[in-house]
Amino acid sequence: MLLAIDVGNTQTVVGIYQDGSLQYRWRVATNKSHTSDELRVKLVPLLASEGLKLDDVRGVALASVVPALTMAWCAAAYRMIGKDALVCSAETAGSLFEADYPNPHEIGADRVADAVAAKALYGAPVIVVDFGTATNMEVVDADGRFIGGVIAPGVETSASALFSHATKLGAIDLVDPHTAIGHNTEEAIQAGIVYGEADRVDGIIRRIFAQLGYETPVVATGGLASRVAAQSQTITAINPELTLEGLRLVYEAQEGAASV
């Protein structure tokens, strides 16, 4: 059983793979102060809810953008399975991740995993839009190479900034807007944030198409992917498990190489 862990700044997604198939997935809040022992304790009830135990875990694949939690999860993994976790990176992804990029070591683990999975599942060229604390775009060209992308403030990050700086505007639920012209404060904020994000994504994607000289499939992933994609004119597919799939692919490639 493979434990795939995608640690973001705001949320952590945990997936369980058996025989190459995602069986269970949980999304929990990221706590940057958690120790390795606390992380192990947090896993127990998640696994138990599906009749699983820590002893069932045979491998751990990790993508983390929080350095302190990368170390904590690695320590927790070693305690659980007696061997190191596979930490996703441009280096550990090996031949699955070809990059035409000046400093591949700078590419975040989540971006590597997204690019690996998108290329494997949708072919090349392809663009990934990952809606998280940041909205990331990963561009894989027609030759299958990661050539760069975009990092912008995420939907909830932008909303939090608005609410914290505009004292008369209270936090709202980011539901699908039904009008571009808000008839009250809540509708106006929903339209501004959701339509604003969709149009920002579409505008950047079109600029990328123009620079590439061709259009590509555009795959959305992340917590708010479905909501924004519903308003987008360029997103062609939604895959909430894309990052976890990338982790699985990298793990299986490494395990296969190690067993030869």
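Glycine too: its Cβ is placed from the backbone N, Cα and C atoms.
Taken from TrEMBL, the feature active site, proton acceptor applies to D110. Residues annotated as ATP binding site in TrEMBL: D6, V7, G8, N9, T10, Q11, T12, V13, T133. What TrEMBL lists as substrate binding site is Y101, G108, A109, D110, R111, T185. According to TrEMBL, the K(+) binding site annotation covers D130.
Across the annotated binding residues for ATP (D6, V7, G8, N9, T10, Q11, T12, V13, T133), the two most widely spaced Cα atoms sit 13 Å apart. Distance noted between the C-alpha atoms of D6 (ATP binding site) and D130 (K(+) binding site) is 12 Å.
If you take the C-beta of D130 (K(+) binding site) and look for same-chain residues 6 or more apart in sequence within under 8 angstroms, you find D110, R111, D114, N136, M137, E138, A220, T221, G222, A225, L242, T243. All protein chains included, T12 (ATP binding site) registers 22 other Cβ atoms within 10 Å of its own Cβ. Between the alpha carbons (Cα) of Y101 (substrate binding site) and T10 (ATP binding site) lies a span of roughly 27 Å. Around Y101 (substrate binding site), taking its Cβ as the centre, 15 other Cβ atoms fall within 10 Å, counting all chains.
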